[in-house]
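S.K.: What follows is a structure written as structure tokens; I'll ask about it next.
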């Protein structure tokens, strides 16, 4: 245990009194598993009443800053994880407007994601050609780096249900690769590296790290009941090939993930170091950990053949467990002890610190990365000595964002607040200077915030303009729409000393996490090149039906407002592959293609080619029509599919 | 043909000159099928430059009216069709915020729509239990009426791809029934009736009318190539049972649908009276039609057994073709001739008129309903005599909304404008009073508008406050996000003489149509009753695994932050039905349930019960976890599914 004093806040006594009281009650309640429910209805109100009286001022006056005039463009992009929808949402900020949903893990009937052969190949199919999975649970989206800032190449997002990672191309804003991680379950935290740990010329992302939250038998092929035989792994995926490079067997589990700016360290917070298999057992330890990985050493070990494989997987797994890593000078991992049940680990934009939020502890723990490297060099007696602050922030601290001016912003789930605090002041306070006022401001949010992120927060270019807060419950903030409430993504102005609440944005549950970056960091492309598609039908004259026994290929092109063939004939039982190239090259002149009763609908963007394969099992006349508005004569844009009995 | 003069506008010559010029060029281009493509890039700019110079004034100053302060509630609900996503979107207005997406025709991985047995039953399955369809194309959403205003019971939406109609319960905001229409393809227009045609006590919706756009062989079981054997039908669905009551065989096709306030008439506009099977053939007639249905007579004919059935369908089909309905006194239908290729038919809130927009003709046609009834009574020599105005509005008129003060608002697709015009003035102008100035105002919109609707527009309570315009192309109005652009739903203040553009809202393609109504017209329920679900597990003590050979039932309950069983065991090959009841009764305390690698994820709202059925075909340990944030210990909310090999 760290010294008790560090968990004492340096705020004025009155506030501390209220929060200490709630603190005790809520934490007791939590272990009984009922507090947050009761808390949901009433906590925010008393917090506003007795907390620092900033809410009223915050609410007034600031609203217009976010509201753009018609036609005015946003200055930032936001990439929001789409939660169970399995997609990534693209927002414009500060307006909060949703500009696009990029389907990744789940089918999307607009795009034809999961319908076209091209998208099915990305998503993964079973032996019979049907989709392997149609559900997902995306939590965290992060983008590729160069020189410590986003470089507009890629973004990645996790699927917790089926332990998959998807990559988004940020030129076309499409998902181009999905990899299912072996040997793990509950893949949660994800973060790209920012540089190579060894080669300074590689000052950009080449790896993506993935933490697995659930522990399972290795391999998971029999229903072993004995939890002591379960393990959790930390995974490295190649940013380009999307192959799994290596995994690390660990003690405890992985929650969130962070990476250092120099590429040498990655870390995950661990909320279940006990490796309990029942809810009650996950709460038994005094402290949990922030687990550091020495990337260069792990890759040396893999190169030296010091690994195992499990089951059918060929992925090398190195041993990162405590017992095998006692000598810091050879250790692959370092377990830094942090208060019980932490949630969230975030890298400060000054490149110096990782900050772990306490969740069940009202604290944030500041870990100095130079000291972690010292530990791996044998210069620090224990990894815990890398902790430079452990300070009280409020109830239920979860995630931390930064303004690039030395301040951190941490969500307080139970207090329904965001607290702004100064990291260097917190370090001074922790070092013994009890006059150091590290808490700068608090603002009530509506309600129960999870993730938050500031503009450019997790880059060297953190600019301290906007803070978005993902509130898990909206309660009374929007018109009622039945049992399923929207969540509330709130936008806060953090450019001044005091935080100012700008706007409430309802969102479909539940986005979890997001990043916000300047609009000039991406260079979107809006028209495809014909050559990008091997199957492209490059001229309407190539249109036609070719037959090879039962196998039939139909080639079509689209040019508003007509398809290249007015009709085509098939025979019942044909195995048909239909290829459609959109020869319209005007930006945004997208066409759709639906076949009634055949469960086909997809779109082709300008100069895009897509294909579908189906069995013509229903005789009759089927009007294939353009489903994406294209032209005044869009309704007439059809072709007749005649299936002879 | 109506007299030529009626297509002459009464605007000042300069504007008319520009529009006449574009008119000619664009219509020529249209028949060649290329104009709108070229038009997309440049049309809006010249329109703004040479049209009435109202845009600049409109754009400035008005913006703040729509922007609510944080926590402020919207005053209107909007129900937006979700396009290819197959859902219905619930918006708050004037903020334009999306509060909910209600899955209907397509799976939704958040809710578990298409995953749970309950939702699969609504959606429809094949013999093997898999979903019959996973794509849809929703266009129009309309709600149930009482006394000429919305009564908050139901909304309905069409699926054009598979000719299905879905019903939404507006208490829980869920889809509860879906019906597939027999004998038709391309079901497009949809509108509920507003009263019974015979019984004045039934002053509320009991029927929903559905128009089929594509003509097909009857029955559609062989690939008949001969288009003269194809037919289109108009369908009546029972609002309560959702059974198909009857259908009408017609000449030509059905596009949009409208109903009269007295329940006596329904109508559909017809853009392909030629019944062409190729794009070029659909353009050959001089005029098309607005086809009226005499509901009472149709139901008498059905009662008298004057119908046929087709194929496997038991639905009575009466004959509404021209040839069989020459005597107005017994006719089931009346074909009112309107200019070529119309789009959109809308009922005015004064209950007197249906207005057909011209699309390829720059006109709107006003049809007086009392005169249509006169025709059916033998008092009018021809149905065309029911036309009381046919006036020029601009290029590409599509749909019309109303302010309840005698003004109509029509989208001009090619002009990228909304034109405000006075209906009674148009009637006077048409009657010969060339001094009647029927065009009141024009506003440029961004860009190429399709549907529009005003607050309460299609009710007797039209209040003339807000107008939403579904612009098919957003072009430069939002940050670029790759090839697939958002569409632009614009909000316009119509409370004054001049229209004022308030805001641009990007939306995922393509919503098509929507309705806007006052928030007090619905009474949402936010917590279910246990009794609503026959399978409810009413007490955690009922939890357990019961086995009947290979058939296994797992009963579970949820109460934050735990499921009632910490683990449950299955054997490989078991056919499992898992039933989960959420015993949390606090509003919005929703839980999720995911089974890794088993493609299961769904949510249970407060006191809701849902079930899934699957085969336990993969041995191992599977951490079923709560996917919907519920509590500070949400991450720990899991149960272990152990499948023994």
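Numbers here mean position along the shown chain, with the first residue as 1.
Glycine is no exception: its Cβ is also placed from the backbone N, Cα and C atoms.
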S.K.: Pick from A:44-65, A:66-87: which stretch is listed in TrEMBL under region 'Disordered'?
M.R.: A:44-65
S.K.: Do you see any of the binding-site residues A:472, A:512, A:634 whose C-alpha is within 10 Å of residue A:139 (Cu cation Z2 binding site), and which ones?
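M.R.: Checking Cα-Cα distances against residue A:139 (Cu cation Z2 binding site), the binding-site residues within 10 Å turn out to be A:512.
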S.K.: Going by C-alpha positions, which of the binding-site residues (A:274, A:282, A:472) is nearest residue A:628 (Cu cation A2 binding site)?
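M.R.: Given the candidates A:274, A:282, A:472, the nearest one is A:472.
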S.K.: Between C-alpha atoms, which of these binding-site residues comes nearest to residue A:271 (Ca(2+) 2 binding site): A:140, A:343, A:451, A:637?
M.R.: A:343
S.K.: Over the domain 'Cytochrome oxidase subunit II copper A binding' (A:549-645), work out the mean pLDDT and round it to an integer.
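M.R.: The answer is 96, the mean pLDDT of the model over that range.
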S.K.: Around the C-beta of residue A:634 (Cu cation A2 binding site), how many further C-beta atoms are within 10 angstroms, looking at every protein chain?
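M.R.: Excluding its own Cβ, residue A:634 (Cu cation A2 binding site) sees 21 Cβ atoms within 10 Å.
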S.K.: Within 8 Å of the centroid of the Cβ atoms of A:626, A:628, A:630, A:634, which other residues of that chain place their own Cβ, given that this set defines the recorded Cu cation A2 site?
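M.R.: After dropping the recorded site residues, what remains is A:560, A:561, A:590, A:591, A:592, A:627, A:629, A:631, A:637.
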S.K.: How long is the line from the C-alpha of residue A:282 (Ca(2+) 2 binding site) to the C-alpha of residue A:343 (Cu cation Z1 binding site), rounded to the nearest angstrom?
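M.R.: Roughly 14 Å, rounded to the nearest whole number.
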S.K.: For the binding-site residues A:271, A:274, A:282, A:472, A:628, A:637, which residues show a Cβ-Cβ distance under 8 Å to chain B?
M.R.: A:271, A:282, A:472, A:628, A:637
S.K.: Counting Cβ atoms within 10 Å across all protein chains shown, which of the binding-site residues A:140, A:343, A:591 comes out on top?
M.R.: A:591
S.K.: Which are the residues of the chain, A:591, A:626, A:630, A:637 excluded, whose CB is within 8 A of where the CB atoms of the Cu cation A1 site average out, their centroid?
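M.R.: Near the Cu cation A1 site, beyond A:591, A:626, A:630, A:637, sit A:558, A:560, A:561, A:563, A:592, A:625, A:627, A:628, A:629, A:631, A:634.
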